[in-house]
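Straight from Swiss-Prot, the features:
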BINDING   Y201, M230, H250, G251, M252, G253, I254, V255, E271, A272, H273, W298, Q299, D318  S-adenosyl-L-methionine binding site
COMPBIAS  148-173  compositional bias 'Acidic residues'
DOMAIN    192-413  domain 'RMT2'
REGION    65-85  region 'Disordered'
REGION    148-178  region 'Disordered'
Amino acid sequence: MTDPTTEIDVDLDVQEILLAASQHDIPKLRQLIRSNQTIANPVNVKDPETGYAPLHAAIAACEPDDEEPNGVQTNGEQGDEQKSVEEKGSATVRFLLQEGAIWNDLDNNNETPGCVARRLGLTELYEQLVDAGVRAELLLNRLDGYEELEDDDEEEEEGQEEQTGTEEVEVEGESAPQLVEATTTTETAMETGPDVTNSRYLDSNLTFQNDRLLDQDQNGVMMAWETDIMAKSAKKLLPTSGLRVLNVGHGMGIVDGFIQEQSPAEHHIIEAHPEVVAEMKRKGWGEKPGVTIHEGRWQDILPDLVGQGVMFDAIYYDTFAESYGDFREFFSEQVIGLLEQEGKWSFFNGMGADRQISYDVYQKVAEMDLMDAGFDVEWEEIALPKLDNEWDGVRRAYWQIESYRLPLCKYMD
């Protein structure tokens, strides 16, 4: 039988760490974290009631007071005091991250430390967590690359084991790799279905409805609420008629419809799902002006187009259930052989759109990787309507933030 005294001691250890974090007492935190012998991972302990980790506690303690106790609005001295609190909070956050705190750990309210900072209006602390997320994701992406190189030299069975270990980076819905690994009970219930992988999607039966395209697991492949985004993307890419354009991923055909309105000279469409291809043919896409349909995955089709010397003035990328690594390969290895020097390209920017901090992190990650590949990117902020009622009958709400950032990429000068 477990000694209840031991349980109390463990709880006291946890509460002592959380208290030191909320008091921004770095010397005490250092002593508690580095000398603790009873907790396996003291920098990431959790409060059983709130789910707060030390990062949450350090940030929540910076919540500003709007009024004095007597109800009088203040600014001067309290403003200085608040600044001092936030500076101490920032130093504590920095220390905890250096000690191995998980930047995107979830509390019982389904909030990461960055979510708490954003909700409380703590901009500098929020940006600090965004930067921590960027560093973590860049490192993970690089490590994924190293694992791929190692897999090439291993036996097939070992390679399969490695693949099993990295399946979590596959995209769910329209978003990029899931950035929040910890889950609440609600999230776990939502994610009990099969993993969303590109191979499973391509083998699945699809449901075509007026306002959505669903796979057999009720994942939203494309939805009508994206229409305004697609219209603006097409006009950004094709400001004049007579241009040559490539779209990777037809889906419901929303963006291709707007591309047609711009009267392109050539309109190439790559579509990998056989049921979508059949629907395209049923709707007569193959007979539309300038349209060429390429059936298959872009990984198989684009090298042939490059070999044929086919070039485009505009490219759009919107695939389903591919990883960020696939996307990076697309713009790092393929676009350069297909896009004219003065051409532009864009993509559906759904990376990390399940929460604002994830979206902000992946915007910065993408910017850095695009720069490494030789591209400049501009972003246009587009306000979105409330989408709460859009997800009825859909397994996972792949968009949970208030606005969309439309990317427009071109070669660096």
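Glycine is no exception: its Cβ is also placed from the backbone N, Cα and C atoms.
Here the features listed in Swiss-Prot are placed on the structure.
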residue : record                               : DSSP class
Y201    : S-adenosyl-L-methionine binding site : helix
H250    : S-adenosyl-L-methionine binding site : coil
E271    : S-adenosyl-L-methionine binding site : strand
Q299    : S-adenosyl-L-methionine binding site : helix
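Of all the binding-site residues listed (Y201, Q299), Y201 sits in the most crowded Cβ setting, with the most other Cβ atoms within 10 Å. Taking Cβ-Cβ distances under 8 Å and a sequence separation of 6 or more, the neighbours of I254 (S-adenosyl-L-methionine binding site) in its chain are M222, A224, E226, T227, M230. Taken as a whole, the domain 'RMT2' (192-413) shows an average pLDDT of 98 in this prediction. Listed in sequence order, D256, I269, I270, E271, V276, M280, W285 are the same-chain residues at least 6 apart in sequence whose CB falls under 8 Å from the CB of H250 (S-adenosyl-L-methionine binding site). The full span of the recorded S-adenosyl-L-methionine binding residues, Y201, M230, H250, G251, M252, G253, I254, V255, E271, A272, H273, W298, Q299, D318, taken as their largest Cα to Cα distance, is 23 Å.
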